[in-house]
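Database features, via TrEMBL:
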TRANSMEM  57-76  transmembrane segment
TRANSMEM  88-112  transmembrane segment
TRANSMEM  118-137  transmembrane segment
TRANSMEM  207-230  transmembrane segment
TRANSMEM  239-258  transmembrane segment
TRANSMEM  278-299  transmembrane segment
TRANSMEM  320-335  transmembrane segment
TRANSMEM  341-361  transmembrane segment
TRANSMEM  382-402  transmembrane segment
TRANSMEM  422-442  transmembrane segment
TRANSMEM  454-474  transmembrane segment
TRANSMEM  486-513  transmembrane segment
Amino acid sequence: AVLVESLLVFVMVLLVHAAVWDRFSWCTVALAVQAFYVQFKWDRLLQLGGAVFQFRGAANSGLLPASMVIPLLGVVMKERCRAAGIVYFERFGVVVASTGMLLALFLSVLAVGITKPVPTNTCILTGIAGSIIIYTMKHSLTVSEVIEVLEVLLIFVYLSMILLYLLPRCFTPGEALLVLGGVSFVLNQLIKRSLNVIEGRGDPIDFFLLVAVVGVVLLGLFFTVLFIFLDSGTWISSMFFHMMTAVLGLGVIMPWLYRLIQRNPLFWLLQFLFQTQTRLYLLVYWTFLAASACGVVFYQNAKRSSESKKHQASTITRKYFHFIVVATYVPGLIYDRQLLYVAAVLCLAVFIFLEYVRYFRIKPFGQTLRHLLSLFLDERDSGPLILTHIYLLLGMSLPVWLFPRSCAPKGTLPGAGALVPYSGVLAVGVGDTIASVFGSTMGEIKWPGTKKTFEGTMTAIFAQIIAVALILIFDSSVNLNSSYAWILASVSLVSLLEAYTTQIDNLLLPLYLQIMLMA
């Protein structure tokens, strides 16, 4: 299974390399080769329990698929913005690619360094790949860009040391690279933009995303350290939690956002949300869907109480939420992508805050949330945090957040790139959902080395092709320009990756589909 997963990633790396064909795409090939070898060192360390931190069990390290995501995103973003003639974002793509490569190299060097005896061949490969990447960076990056890349690496190292110690068994090494690497990059971008505020420069919704992500992460770090010394389950601690959340929100996060957007954040948000009648209709519709999702949770828990205490939600039951999320995102993508962007940021902040309430057992809802959500746990929620619903939201939202709007003057990219914002809907909302439902109910032929079925994967590919046809009918901004073969290849490769990967597919699959469509 690991070999097939690696082969699929290699095929996607080579396809992107063939489409871009520059020095950075050559670097991604070199990085993929060394990550393939180092991945087995990480897997051995996880099996022997010598991986420094406690990582999520029942999964391989996932180093190769995770290592390629950020570099490939940077490479395809750079190419798209170069074609559009937007130099600033072309350089931004170069920084993203360089940062991703350096973070992946750091994890590789860490694995090689703690493996005993020292693996000579892997050391040589890592050294060659590192030399190629550093040589390319030396001749491609300015001094300020090099400093920016090193800043992200420094933040990543410190965040990894803190969060992997505080949150054992929540991530594989690959998932830690993706999640903590992304948070490190966002934090660095926020610091950089806060120090260089130019009035009227930058989109307020981008600043809103940066401040919201950094704000909830800092909030979590603060309370994690605080509740080492206090019992979080008492009423006094709970009152202190709510009070400090209000203080940090109103005293730190709001002024920070005010400095960036140069206006009152609350007034700006209210004005933005209720700007048009379409937005009002969408908000009412989304409120109804949110109430429906809560209804599913309460109904399933009532069913558990009447049947058995050991009752767990089935795969099909968990996929109800995927259908609800698809019904949420598709109208937003068709009618108002900016509103969807901001609503997804708000939803992410609420999800993470509720997870803090559950994890710290904050009264009055902490214990209730623990009871309600325990029904929907699966083998991937082996750590103290429940992250699968947050990963689902991220998987649907990241293609919307990472869409290079400045490099798409008409609001959409040409060819297959027009489907980029729909990557989450296609890969997770349609593909993963249909594969799970049909595979678990009608699947008989299993892919070698996995529990996934051939019928589930084929049905997922077929369903995504139908979804693309429906998008063409209902979204007039999408024009594929006869790039159907590339779309079919992209959807097929990502669906096969879903069958073989043991990483969090809600996070990984949309990013790979976005990379392929942007290439």
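The backbone N, Cα and C atoms fix where each Cβ goes, and this holds for glycine too.
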Exercise. Of the listed stretches (118-137, 239-258, 454-474), which one yields the highest count of Cβ-Cβ distances below 8 Å with the transmembrane segment (88-112)?
Worked result: 118-137
Problem set entry | Whether the transmembrane segment (422-442) meets the transmembrane segment (486-513): three or more C-beta pairs under 8 angstroms | yes
Seminar exercise, completed: Here the stretch out of 320-335, 382-402, 454-474, 486-513 with the most C-beta pairs under 8 Å to the transmembrane segment (341-361) is 382-402
Seminar exercise, completed: With the cut-off at Cβ under 8 Å and a gap of six or more residues from its ends, the chain residues touching the transmembrane segment (382-402) are 56-58, 73, 77, 167-171, 209, 321-322, 325, 329, 333, 337, 340-341, 344-345, 347-348, 351-352, 355, 358-359, 373, 376, 420-425, 427-429, 504, 506-507, 509-511, 513-514
Exercise. Who are the long-range neighbours of the transmembrane segment (454-474) in its own chain, taking Cβ under 8 Å and residues 6 or more past its ends?
Worked result: 334, 419, 422, 425-427, 430-432, 434-436, 438-440, 442-447, 480, 487-488, 491-492, 495-496, 498-499
